[in-house]
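Undergrad: First the structure, then my questions, so here it is.
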Amino acid sequence: MSRKMAKFYKLDINRTEWEIPETYQNLQPVGQGAYGQVCKAVVRGTSTKVAIKKLARPFQSAVHAKRTYRELRLLKHMDHENVIGLLDVFHPGQPADSLDQFQQVYMVTHLMDADLNNIIRTQKLSDDHVQFLVYQILRGLKYIHSAGVIHRDLKPSNIAVNEDCELRILDFGLARPAESEMTGYVATRWYRAPEIMLNWMHYNQTADIWSVGCIMAELLTGRTLFPGTDHIHQLNLIMEVLGTPADEFMSRISSESARNYIRSLPVMPRRNFRDIFRGANPLAIDLLEKMLELDADKRITAEQALAHPYMEKYHDPTDEQTAALYDQSFEENELPVEKWREMVFSEVTAFKPTAAFAELLPKEQ
């Protein structure tokens, strides 16, 4: 929010001071994590609800500052119905165009009613529901992948849904390869492609498709498909379903310890997916088999999955947009915290809301 006339007010939320423009009213906390606190709010004079995230210590270190820059750049780049995007960004420092006063970053995004976790836990989904939800995930993924971005951490809690069953993918691309393990966060492992989880080999965008397969299986059955308690247990559960990998695939696993471990196990046959997903639509089972493919090079892509017969009811190639390529060259840079802060400041002050959201904002801003 580079609008210099904005009046800010302060309030205390869970022992954290928030300082936000009067544009945003009725703040209520909805979540808190290592990287920030999230509140829902109403745009003054409208019924529009938004989510506001206050980043925790955005410039505490060069690592924090680079993460802040990454999140802001990614959100700014994304403009798609099935992907969370940036509605507004602001900082309370005055004067607004002074880098010296720039210490806090607040990001405004769409407010969603629930995530897939809530939905899986509270209702039995029809096949049509599953089709529509998976279609939207794939439609959003096609867009994200076309930008050259890999999500890396797709799971039910990162997929938001509103009461009309409209879906958006959250928190994409924030886990870089170097920090992608998130030790101790069990639920992440359950949906993570084996090639990422076990550092088997170079991974590509189909790592996200594995995650969609795990999510789709859970939508169909109401149960987590591979609820591993650790990496080894996770791998065992996967092989109990998919069978022991072929020798040709094994030869491409770069981790010798992983190869030796798999070879030490009894040979496991592949289970029939029709037995695991009894009563499921045969087309759903066929798509699942193409998503839950151990070999990332043979795994179906988002674009191919959208054209699968299971998606026929919703598939419309003219309405499945692609994105401009996202410039990730900054990832190579190791810069001091002040330089990252300056770059974040430039992004914040240059931000322009979409025309639709700008219409809702007070005109003096």
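For all residues, glycine too, the Cβ spot is worked out from N, Cα and C.
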Undergrad: Please pick, from Lys10, Lys53, the residue that Swiss-Prot records in the ATP site together with Val30, Gly31, Gln32, Gly33, Ala34, Tyr35, Gly36, Gln37, Val38.
TA: Lys53
Undergrad: Can you check which of Thr183, Thr206, Thr221 Swiss-Prot annotates as phosphothreonine?
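TA: Record annotation (Swiss-Prot, phosphothreonine): Thr183.
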Undergrad: For the set Tyr69, Tyr185, Tyr203, Tyr326, say which residue Swiss-Prot annotates with phosphotyrosine.
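TA: Record lookup in Swiss-Prot returns phosphotyrosine for Tyr185.
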Undergrad: Mean pLDDT for the domain 'Protein kinase' (24-311), rounded to an integer?
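TA: Value for the domain 'Protein kinase' (24-311), mean pLDDT as a whole number: 90.
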Undergrad: 10 Å Cβ neighbour count around Gly36 (ATP binding site)?
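TA: The Cβ of Gly36 (ATP binding site) has 20 Cβ neighbours within 10 Å.
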Undergrad: What's the CA-CA gap between Ala34 (ATP binding site) and Asp153 (active site, proton acceptor) in angstrom, rounded?
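TA: It is 16 Å, counting Cα to Cα.
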Undergrad: How far apart, in Å, are the two Cα atoms that lie farthest from each other among Val30, Gly31, Gln32, Gly33, Ala34, Tyr35, Gly36, Gln37, Val38, Lys53, the residues recorded as binding ATP?
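TA: Spelled out: the longest distance between any two Cα atoms in Val30, Gly31, Gln32, Gly33, Ala34, Tyr35, Gly36, Gln37, Val38, Lys53 is 14 Å.
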Undergrad: Between the binding-site residues Val30, Ala34, Val38, where is the Cβ count within 10 Å the lowest?
TA: Ala34
